[in-house]
Amino acid sequence: MAVSNENKVIIFSAPSGAGKSTIVKHLLGKYPFLEFSISATSRLPRGEEKDGVDYYFFTKEEFKQKIEKGEFVEYEEVYAGSYYGTLKSEVERIWAKGHIILFDIDVKGGINIKRLYGSHALAVFIRPPSVETLKERLVLRGTDSPQAIERRVAKAEEELEYAGMFDRIIVNDSLECALREAEIIVERFYNE
Ligand code: 5GP
């Protein structure tokens, strides 16, 4: 049975360094029916990040109050001391426009959203060809210290074990192929 586009969601999850952000940006630029879900976070803004654009930035206290008030669809302490979550108000805001929500969230959050929305949700896991490639990419990106890279790689190894819980897996070996594959997956879900 066809599901109305008014309440569909697409989830992209991946270990960091798998190329998820590039794929998500590409899809948002190409399909006007997709809208990015702006997450809430308790971490500080980085670089040019703006409140209400990249994230809704809150203090840890504000974030915890929102948890208590039941304002989140899902939330996770993705890194020790840093909370990330999706506000119910954000989901309502995007669905009210008739858009499909595009989530860029961590692996556990992705699984939770999939569980919540069932057949209205398409969960896509982006994986690097190997853990070695992932490490190389993080080193080349140059934004993390060697210790932070080790932490991210360890987390990635753990996250890769959840890949089987997603509807689709895209192996990001060649970016061009990964983008094309992502487009096909999105178009098919849109037309379902
Ligand atoms: P960063 O601090 O690099 O922007 O994001 C760190 C991680 O948090 C990324 O893996 C990102 O996908 C994840 N993340 C962002 N928003 C959410 C969210 O709303 N919920 C969950 N569970 N994870 C999120």
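Cβ coordinates are placed from backbone N, Cα and C, and glycine is handled just like the others.
Annotation source TrEMBL lists ATP binding site at Ala14, Pro15, Ser16, Gly17, Ala18, Gly19, Lys20, Ser21. Long-range Cβ proximity for Pro15 (ATP binding site), meaning a same-chain Cβ under 8 A and a gap of 6 or more residues, is found for Val107, Arg127, Pro128, Leu134, Arg152, Lys155, Ala156, Glu159, Leu160.
Here TrEMBL flags 7-187 as domain 'Guanylate kinase-like'.
In the predicted model, the domain 'Guanylate kinase-like' (7-187) has a mean pLDDT of 93. Each of the binding-site residues Ala14, Ala18 was scored by the number of other CB atoms within 10 Å of its CB, and the largest score is that of Ala14. The binding-site residues considered are Ser16, Ser21; of these, Ser21 has the fewest other C-beta atoms within 10 angstroms of its C-beta. A simple way to gauge crowding: the CB of Lys20 (ATP binding site) has 22 other CB atoms within 10 angstroms, across all the protein chains here. Cβ neighbour counts within 10 Å, taken over all protein chains shown, single out Gly17 as the most crowded of the binding-site residues Gly17, Gly19.
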